[in-house]
Ligand code: BGC
C-alpha cells in the first residue's frame, strides 16, 4: 500500500469507483442507513451461532486434564519405568519429562493456529474446524494407544495441531457469523466452554485416579474423542461464514449462507442490505490491501505504521499482545500450579478441594460476561477487570508474605485468589477472545486471528515452563510473594487496555474497521458510524436511498 493510500485511509476518505467492483457485487443494492447493515435474527439463528462455542471444551479440557494424569500412579509406572519399585508417595515423573509432555501440545497448537489461518481462507472456516476435529481425533487415538513415551508425545503433538485449528478458527467463525448486538456474548460462550472443559477435566481425573489399571489415564485422554465428534458432526450441518464466500468473490453462495444464518428468505431486503455492506467493505479493503501472492498476503498482516491506529501492523500487534497480556494476568498459575502451590503453603489440608473451588468460581463467573460485555463494552470490562485483579493479587501477596504460615491469613489469601478468578472470568477471560475476532479487516482476518491465538499458546507455554522456577521450594521459592509479580503485570494490563484497546461493542465487523480508521482507542466508545460502505462504493439504488432518508 502506498503512503498516499494510507493517508487517504487514515482520513476515512477511501472511495472506490463502482466500475472497479466485482461483477456479482454490482448487482447488489445496499442501504444508506447505518442501523440497517445487519439483518434481524431469529431464535433458531442464535442457536446456530451459539453451537460453535462448544469448541471451547477442547481447549479447556486439554489444558485441564494433563497435570492430573501425570500425577497418576499407573501413568508414572508406564511412562517412567524406573519408578515402579518406589512407594506410591515417592513416585513422580522427572520435571523434564513433565515439561516435554505438557509443552509438546502447546508447540502443536502454536503451529496449528498459524497454519489454520491459511486453510480457513482457502477451504473455508467450517471445513478447517472439521479438519481440526479429525486431526485431533487421530492424535488422541495415538495417545490412548500409547504405552511408550514416543507414541504419547507424537500423539500430543498431532492433537495439538487439531486444538490449534479449532481454537483459532472457532473464534474467527463465530465472530463472522454472530449478529453484532450479541457477538460479544456469543464469543464469551466459547470462554464459558473453556471453563467447563477445565472443570470436567478435574472431575474426570478425580474419578479415575484411584484405578490401578491403564484405564486411569486412558479414560481422561479418550473422553476427548467425544468433544471432537460432537463439534465435527455439528459443524457439518452449520452454514459456512458468508464473509468467506465474499472473500472468494462468490456473492451468490454468500447470500445463501447468510439467509440460512439469519433464518430469512433469500430475497429478503435485509439480507440484501447486510450482504451489500460486507461486499462493499471487502472491495475497499481489497483495494487497500492487494494480495497477489501467498507471501504478500502474509506480509499484509505487518503493513503500515505502528503509530497508525488502524494499520494492519498495529492490529496484528494488538491481537497478539492482547493474548499475551491475558496470559500475563497469571490465571494459569492458579489453574496449572494451584494444587502444588496450595500444598507448599503448608497450611491447607485439602489442596485438591481448593483447586476445585477455583475452577468452579471460574465456571460460575464467566456467564456474567454475557451481559456485561454487551452492556458496558469490551474496553470497559478489560480496564475494570484488570483493576480488580491487580488489587486482589496485591492483597494476597501482602497478607501471604506478612503472615506466612498463619492459617487465618492463608484463608484470606485463598479468598482473594477466588475473587481474582471472579474478575478474570468475567472480564479478561472472554474479553481477549472477543476482541481478537473483531479487530481485523477481512483480507487479513483469518491470519490475524491465527497469529493472536498462536500468541496465547506461546505465552501459555512460556508461563508453564518458567513458573515452577519461581515458586518451586528447591528453586525461587517465592511463596505468596509471587502475587507481587502477577499484581504488577495486572497493573500493566490496566495501562495497556486504557491506551490500546478500542471499544467494538454493538458495531458490525465492517463498522469496527471504519471506527479504527477514524478514531483512537480512547475516543472509540463515543464513535458512531455516519455512512455505510455500500453508500461509498455506489451500491445504493437512488430511489431506495431517497425513501430511507425520508423515513
Ligand atoms: C485462557 C486460558 C485459561 C482459561 C481459564 C482462557 O481464556 O486463554 O489460558 O486457562 O481462560 O479459564
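The count begins at 1 with the first shown residue.
Keep in mind that glycine also has a Cβ here, set from the backbone N, Cα and C atoms.
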Range among 16-36, 79-99, 100-120 that TrEMBL annotates as transmembrane segment: 100-120
Contact call for the transmembrane segment (351-373) against the transmembrane segment (185-207), three or more Cβ pairs under 8 Å: yes
Most Cβ pairs under 8 Å with the transmembrane segment (100-120), selected from 151-173, 219-238, 380-400, 483-501: 151-173
The domain 'Major facilitator superfamily (MFS) profile' (48-505) [mean pLDDT, rounded to integer]: 90
